[in-house]
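The feature repeat 'NHL' is assigned by TrEMBL to 48-78, 91-127.
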Amino acid sequence: MDSTGSLYFSDYNNHRVRKISTDGKISTVAGAGAGYRGDGGPAVSALLNCPREVAVDAAGSVYVTDAANHRVRVITPDGKIDTVAGTGTAGFSGDGGPAVKAQLNYPLGVAVDSSGVLYISDHSNNR
């Protein structure tokens, strides 16, 4: 949920992130189908592959686990999407280094704290 009370959720089988605004209207925030593309561009045109969990930070950025792409992506308040963690190749590496160079294996959970620290549940790596 964001600061305005809008609820964000993953539409897993349709490979999208959706939002229900406080007036009850639903809209697509990210995703145009299954696959991987779109970093640096409009989130609504990006391809996701089995998005699972979402978290919203204090600035309004939405983080989503793009599970089958082995990445965590961010949708900025201006509607752009980028990868913030994971290389896209399933694996177990990267502790202590840049998050975008880390290998994840089907990340499922994501949370962000009040300081902006991102926490990821790397499901198939049991970490």
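Keep in mind that glycine also has a Cβ here, set from the backbone N, Cα and C atoms.
Taking DSSP states H, G and I as helix and E and B as strand, the repeat 'NHL' (91-127) has 6 helix, 13 strand, 18 coil. Residues 52-59, 63-68, 70-72, 83-85 of the same chain lie 6 or more positions beyond the ends of the repeat 'NHL' (91-127) yet place their CB under 8 Å from a CB of it. A Cβ distance under 8 Å defines the sequence-distant neighbours of the repeat 'NHL' (48-78), meaning residues of its chain 6+ beyond its ends; these are 1-3, 8-12, 15-17, 29-31, 34-36, 39, 84-91, 99, 103-112, 114, 116, 118, 120-121, 123. Residues of the repeat 'NHL' (48-78) grouped by DSSP class, helix first, strand second and coil last, total 3 helix, 17 strand, 11 coil.
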